[in-house]
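A.B. asks: Just passing along the structure, written as structure tokens.
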Amino acid sequence: MLLFVFSHMVNHALALVSLETAEYGRKWFSLIWLNPVSSVIFYGSVLTHIILVLRSIYMRRSLKMPAREALQIIIGLLIPYMIIDHASGIRLSRMLYDIDIGYDIIINNFWIRRPMLGLRQSTVLVLIWTHGCLGVFYWLRYRDWYKRISPYLLTIAVLLPILALLGFSDAGRAMEYNPPPPRVPHANQAELDAVIDGFTAGVKTLFGSAVVLVFALRGVRSWRQRSNAFEIRYEHGALVRASAGLSILEGSRSGGVSHFSACGGRGRCSTCRVRVISTDGPLPEPSTMERATLQRIHADSDVRLGCQLRPKHSLNVALLLASKQQSDIPASGEPIRPGREEEIAVMFCDLRNFTALSEARLPYDMVFLLNRYFTVVGQAVEQAGGRLDKFIGDGAMALFGLDGNKETASRDALKAAALILRNVEALNEELEKQFAVKLRIVVGIHAGPSIVGVMGYGAAKTLTAIGDTVNVASRLETAAKEFDTAIVISEPVLKQSAHDIGTLESRTIPIRGKSAQMKVFLISEAESQRFV
């Protein structure tokens, strides 16, 4: 349906060129969308949309929800009702009497004869477009590739309806001065009008009855389940009495308890999870979807998804993630990204002789040197497709594979390390005369699962990674100093990068906190350049 509206607005925007251009575009638009196959797909999507909206209303045990979700439902109900008249007139005219309604008739009808109808159709067009764009945003907002292209999509999302409305108004003003020649009414015009009016009234009645029926069924269900209410007792002291059938998340919302849910309670994430401290009776078994999510996050046996758990008995729970007000919008301006496990590569790099350098130079000189060094590191990481996570003293941490492509994460990390070494050598040649300094860099790289998400407090919130993979990468950077080599990488990094081992020296070293030793590879500065 979003594609239909997109092409519809492009057609309107063509009126900025001329009415004839818009009419030419309409013929292509009709060819694409008014054939039997496209018609089935389009009207099927409209029907599916209506069913999903009504199902969403019925499935909610509580109508207390964030304003964003309420707005989505309201717009979802308004759109079908507002397009019935226009869709019925166009479709029935073509199906029953093969009447092809051109742009001149549409503009004359909506701009001159019935301007309020034109205003309503313009409004519903923008509503559908906004509704669809918001749906795409909330569906894809956590995907890294989407974040990269979102500025361009936002430009299209804002500019296209503006151009469409300008095209409509420009054609309308032109028609005020050059009205089209009067058209002879169709021989069966009265019959057609009667059919359209009757069909439109019937569809509106059917749609309205479906909405009323859904709310009536909700009322009956609530009345029957009121006697089976249960209590949700929260670890922080709150108490909510909820009707049977409500999920923990819905109970929290109905009782005014702030309960974070990134996906809006659709079971697509795990941010609403709770720990069940105690219960007065057995809990329902997790559904297949809930069980898969819990297994993916390696949840303990007493952890359940708040949006999926619908208890029949009173229980005590603890919310495991911060409330939406605390966590949804990081103060640093980072994109919203709840924590999740991802396969990434982590790189640590450090200056070997930092202490000796700092003792022999003025603070201002050290700040200058470090900033030049940090620039080299940052540019190399970005050039290789990574993300500079943080600077730690004279060291830096970078993440690779945040776009979900673990196959290239290790390769990108090796490329970044090689670029850093090469560019630091160029920096040494540049600074040697002024500072008599030679910076030496060591790098450690490891790949594996890490918890990635926006963490921190206040202005210090940022996207980062934690976990065993990060700790091992830091340990490998230390090992590079111990072995007096430029880079130390783990065996998983070399395997995932698909580079040949060649003559690389390997060692087996102990890793603090691990019982088993790890096989690593030592890479000299000269050997590293084959990874660029």
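Just so you know, the numbers here start at 1 and follow the chain as drawn.
Each Cβ is built from the backbone N, Cα and C atoms, and glycine gets one as well.
As listed in TrEMBL for this protein:
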type	residues	note
DOMAIN	230-325	domain '2Fe-2S ferredoxin-type'
DOMAIN	345-477	domain 'Guanylate cyclase'
TRANSMEM	39-58	transmembrane segment
TRANSMEM	70-88	transmembrane segment
TRANSMEM	119-140	transmembrane segment
TRANSMEM	152-174	transmembrane segment
TRANSMEM	194-217	transmembrane segment
A.B. asks: Could you give the number of helix, strand and coil residues in the domain 'Guanylate cyclase' (345-477) as assigned by DSSP?
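C.D. replies: Residue counts in helix, strand and coil order: 70 helix, 39 strand, 24 coil.
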A.B. asks: Do any residues, 6 or more residues outside the transmembrane segment (194-217), come within under 8 Å Cβ-to-Cβ of it, and if so which ones?
C.D. replies: 50, 54, 57-58, 77, 80-81, 84-85, 88-89, 92-93, 96
A.B. asks: With DSSP as the reference, give the number of residues of the domain '2Fe-2S ferredoxin-type' (230-325) in helix, strand and coil.
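C.D. replies: DSSP classes over the domain '2Fe-2S ferredoxin-type' (230-325) add up to 18 helix, 22 strand, 56 coil.
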